[in-house]
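Visitor: Got a structure here, written out as structure tokens. Questions coming.
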Amino acid sequence: MRTFHSQVDVASAALIQNKLDVSSADSLPLRDAVHPEHFSHAAVPFSWTMVVPALLCVCLLVLHERRVEAGAKPLLASHSRNSTVPLQTAFLAFWMVPFLIDSMFMSLSLDYALAMGESATASGVFLGAAAAGSTVGIVIGRGFTSETDWNQKYARKIFVYMYGLSLMAMPVMAISIQTSVDWSPGAKRQMFWSVVVLNFCTTCVGSIPVVAWSTMWNIVTPQKEKTFWMMLTQSARNAGFILGPLCLAGISHVVRKVRDVRAVSPISMMSWAFMGSFFIQLVELAAYSLIIPTHLQPADGAEELDALREEASDVHPEQLPAPAREQMMWDVVFYLYERTFSTGAIEVATIMLLEVPYGWSPELSGISFVVIAAGSLLLTGVSAIVLSKKFMTESNIFLLMTCLGFTGSIFLFDVKFFGAGALLAADAFVYGGTSVATGIAEGWACRAATPGTAYNIEAFRAHSVAGVNVSRFLAPIVARFLLEFGGRNLYAAVQSFLCLVAAVTVHRIVSSAAASQQAVKGQKSHDEGADSGEASVTMQ
């Protein structure tokens, strides 16, 4: 073991950890290394001037919704076209904002849990509570709407009202955390778990309309565009990881400047992260209220078929036999379980590895997501260009990105002459490859989902999002447990195994789809030949 000794004054030493026992290249467990001697107790209270813009926004939102309830069209909505750029942008924002907020919380969660008298594993529970609540909310909300009996106005109301209700709890949690800065250790621990429970309940309510939201996307988005928009969805999630640490850095700078201190209590910073999340989501909700339509145009089936004939994709899930479509959907659900667990583990494990062995600050560790997400965005952009130019097929890119992720996982092992840069590069390969592959997988599954069957879009979204949330609940706990008690190499071995499982799953999905599609083409050729022969006999 080697020890990093702070050589600066007490104020700057309180920024992160004053003295840390740091793991060596032998990758011993991090359990004994996560013991900061003290944190800053400087708290920055909220200003009452923050209430005015929040109340103004809420009042305008209520007035707009009353106007819509009276029969008016939402101000920025389109009732002449289903798929518009503003609406698709709103769908992307819906997936981006949770990742933005998660990356803010992840950067602070370790120091926050320790300052509240809890462990690194408890910080994983804090991060995973929202995912668990989201799973329960999705199960509850699954029966609220149906694709075969779609009511757009009702679905819109469910989304706006439920999301708004969950949003109102964010300031309550922020203020509660802020007041606990100077409490006794026992009281702090009680507040820590109270916030975990409240965050679980809040996310549960906010996730009730997720299936309705996903069904709406499936209805308004043309079949040939679904893979493209799902790849952009992955880019939006990565953009959230880029913007989250930047938002946290901005909030941290402003908060320190207000008190003119070099370090702020992690507890106070977490309360400010909650308050910042409230304002971000309030603006998001206002945009949804203005953009989401109350009426949709009926789909043009003939136009969809013509577009699909012109599509360059080598796999057309909507044209596969029913058993093949169902199998594809469930294979993708399994893939999402596994891949989300892997990427969720990367998100929290990277923060812990950078803060403890490498001595990075929470703010700087959060900025590491910019590198990881930027790599993912680059891979997504390159893949989109390759697909648009028809240099490669979707199947080949799907397989290639999965193999790239497995290759990157090997560099997660603790090699003596590799530093933090190798860790970030490995994360970028695993995360980037997964992002592109997941976009293709979700696009195929949405196209394979069939209304009125057990494998409809509601079933896919309910299982996929619930699976994602289960994985995101378990990943922070398991990842930090592995690091705390087993060390980096054990964590790397688990990641490599998961990437190998993903590669096998993707190969099965692609092989099965290709075989089914070839069988369909062969049957069509046989039928056309038979019809041609009958016509020839008739003419004779």
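Each Cβ is built from the backbone N, Cα and C atoms, and glycine gets one as well.
For reference, TrEMBL lists these features for the protein:
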type	residues	note
TRANSMEM	42-63	transmembrane segment
TRANSMEM	121-140	transmembrane segment
TRANSMEM	160-179	transmembrane segment
TRANSMEM	191-215	transmembrane segment
TRANSMEM	236-255	transmembrane segment
TRANSMEM	267-291	transmembrane segment
TRANSMEM	332-354	transmembrane segment
TRANSMEM	366-387	transmembrane segment
TRANSMEM	399-426	transmembrane segment
REGION	521-540	region 'Disordered'
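Set these features in their place in the structure for me.
Guide: Non-local neighbours of the transmembrane segment (236-255) in the same chain are 44, 92-93, 95-104, 107-108, 264, 268-269, 272-273, 276, 280, 347, 363, 366-370, 372-374, 376-377, 380, 431, 435; each lies 6+ residues outside the stretch with a CB under 8 Å from one of its CB atoms.
Sequence-distant contacts of the transmembrane segment (366-387) (same chain, six or more residues past either end, CB-CB distance under 8 Å): 103-104, 106-107, 228, 231-232, 234-235, 238-242, 244-246, 248-249, 312, 346-347, 350-351, 354, 360, 394, 397, 401, 404, 424, 427-429, 431-433, 435-436, 439.
Within its own chain, the transmembrane segment (399-426) is flanked in space by residues 25-27, 350, 353-354, 358, 360, 368, 371-372, 379, 383, 392, 432-434, 436-437, 440, 487-489, 491-493, 495-496, 498-500, 502-503, 506-507, 510, which lie at least six positions past its ends and keep a Cβ under 8 Å from the stretch.
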Visitor: Same chain, outside the transmembrane segment (191-215) by at least 6, Cβ under 8 Å from its Cβ: which residues?
Guide: 91, 94, 113, 116-118, 122, 125-126, 129-138, 140-142, 144-145, 147, 150, 155, 158-159, 162-163, 165-167, 169-170, 172-173, 176-177, 180, 183, 457-458, 461-462, 465, 469
Visitor: For the transmembrane segment (332-354), what are the same-chain contacts with Cβ under 8 Å, counting residues 6+ beyond its ends?
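Guide: Here the qualifying positions are 30, 34, 102-103, 106-107, 109-110, 120, 124, 127, 241, 360, 362, 364-366, 368-369, 372, 420, 423-424, 427, 430-431, 434, 437-438, 441-442, 444-445, 448, 460, 463-464, 467-468, 470-472, 474-476, 478-480, 482-483, 488, 491, 494-495, 498-499, 501-502, 505-506, 509.
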Visitor: I need to check the long-range neighbours of the transmembrane segment (160-179): which residues 6 or more away from its ends have a CB within less than 8 Å of a CB in the stretch?
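Guide: Counting only partners 6 or more residues beyond its ends, the transmembrane segment (160-179) has Cβ contacts under 8 Å with 43, 45-46, 54, 61, 65, 141, 191, 194-195, 198-199, 201-203, 205-206, 208-209, 267-268, 270-272, 274-275, 277-278, 281-282, 285, 288-289, 292.
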